[in-house]
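Single-structure report; data block below.
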């Protein structure tokens, strides 16, 4: 009996076959000199950082988003693309116009500099879920405040990671 497996025919370890699509990126960096980042995005990121009241226990809670998405080698563009799209969700919050302006600048500026092509996947609209029982007014207020604090913690961490990722990319570009 003649037993030949796929990996021996083509000489490719199976791990590479699994990791190959993840490492490839459909983004092209524009503004490779870093000027647009330094002069526009960095300023808005710093302004947003200063606007957010930082709570010391924010850093102890790492959200699942960062466990699933990180700025690892060859994944920088993918991380920044997801992070910029995540920033857009914060525009729906009840925040000041100045805050929205900086948030929009960072989100749109990042997406513009990355120049990513969309994959055209259709998204399923979020379900409304089951009706929740109403709670008393005090509980609702405290839950809203807690949620807002968690959102601001997440935003603060996200901005720091975006900044770190951009710096990593620009260091890599200047070295080559």
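The count begins at 1 with the first shown residue.
Any Cβ shown, glycine's included, is placed from N, Cα and C.
Positions annotated as disulfide bond by Swiss-Prot, on the basis of similarity to another entry: 27-165, 58-153, 71-116. Per Swiss-Prot, N-linked glycosylation site is recorded for 94, 115, 140, and the stated evidence type is sequence analysis. Marked as region 'Disordered' by Swiss-Prot: 119-142. Taken from Swiss-Prot, the feature signal peptide applies to 1-25.
Distribution of Swiss-Prot features across the structure.
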residue : record                      : Cβ within 10 Å
27      : disulfide bond              : 16
71      : disulfide bond              : 20
94      : N-linked glycosylation site : 6
115     : N-linked glycosylation site : 13
116     : disulfide bond              : 19
153     : disulfide bond              : 19
165     : disulfide bond              : 20
Three-class DSSP secondary structure - residue 153 (disulfide bond): helix
Spatial neighbours of residue 165 (disulfide bond) among the disulfide-bonded residues 71, 116, 153 [C-alpha, 10 Å]: 71
Candidate recorded positions 27, 94, 153, pick with smallest Cα gap to residue 115 (N-linked glycosylation site): 27
Cα-to-Cα gap, residue 116 (disulfide bond) vs residue 27 (disulfide bond), nearest whole Å: 4
Residue among disulfide-bonded residues 27, 71, 153 with Cα closest to the Cα of residue 94 (N-linked glycosylation site): 153
Rounded inter-Cα distance in Å - residue 71 (disulfide bond), residue 27 (disulfide bond): 14
In three-state DSSP terms, the structure that residue 165 (disulfide bond) belongs to: helix
Residue 94 (N-linked glycosylation site): secondary structure state under DSSP, collapsed to three categories: coil
